[in-house]
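Below: the structure, in structure tokens.
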Amino acid sequence: MTLSFFFGLLGNVTTGLVYLAPVKTFWHIVKRRSTEEFESIPYVFKLLNAYFWTYYGIVKPNSVVVATVNGFGVVLEITFVAIFLLYAPPRMRMRTAILAITCDVMFPAAAILATQLTLDQQMQITVAGLLSAVFSMVAYGSPLSAMKTVVTTKSVEYMPFLLSFILFVNGGVWTVYAILTHDYFIGIPNGTGFGLGAAQLILYAMYYKPKTKSSPSSSSMAEDKGWQPCEPLIDPTPIPQVVVAQEKD
């Protein structure tokens, strides 16, 4: 086993955890049979991001570790979007359906078909890598709003430590993989994600305050009212990591 393949496998594990992060949220939606105040846009774009990383892993030789974990992400994100279409109120269901058809069906189908019919293999790899990197950079920018909330409120309540830590490790693992394989399409967005993850952990250390037992925490009251704390979504998978979304802890 080569060192790059080892880091690719490790990246599969960490990226899989990132993709699985919203499972509790969607279990909550299924139990309540309502999407409540949750937003579908992050999952629509996470699916788009997963599509292109899967395509990139397929067209680029020796990139099976990239294709497999993002193929897994495609299955999960399709499931999440389908749950939104099933339980969302009519207005959100219509908006989600339009976005999903446009961004998750028409656009990737057209892009992949065009590259397959008009470009040679090397250009297919380049185009797929560029699209994946662009969508990942957009997704990696999502934690910025959560970080702004931490600084403004001087509280880490809405920036869960575990997710921040997983994103930090995920970005670091794929950055090392990118260096070993000389893959800048994977390295640039994940290097950015690694830096943002480190910044989140630093903020967490600066603003963390132990909870007191004297009164219910605001997060508990928020859950009672059906609110959910914000979590950055990353898809990054190489990985892309897909927007700020609200996940249920």
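From the backbone N, Cα and C atoms, a Cβ is placed for every residue, glycine too.
Note: TrEMBL annotation is automatic and uncurated.
Per TrEMBL, the feature transmembrane segment maps to 6-29 (among others).
Among the features that TrEMBL reports, transmembrane segment is placed at 41-58 (among others).
Per TrEMBL, transmembrane segment is recorded for 64-86 (among others). Beyond its flanks by at least six residues, the transmembrane segment (64-86) meets 5, 8-9, 11-12, 15-16, 19-20, 22, 26, 29-30, 35, 38, 40, 43-44, 46-47, 50-51, 53-54, 56-58, 92-93, 96-97, 100, 104, 177, 186, 235, 237-239, 242 of its own chain at Cβ-Cβ distances under 8 Å.
What TrEMBL lists as transmembrane segment is 98-119 (among others).
Annotation source TrEMBL lists transmembrane segment at 125-146 (among others).
The transmembrane segment feature in TrEMBL is assigned to 158-180 (among others).
Feature annotation from TrEMBL assigns transmembrane segment to 186-207 (among others).
Positions annotated as region 'Disordered' by TrEMBL: 212-239.
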Range from 41-58, 98-119, 158-180, 186-207 with the greatest count of C-beta pairs under 8 A to the transmembrane segment (6-29): 158-180
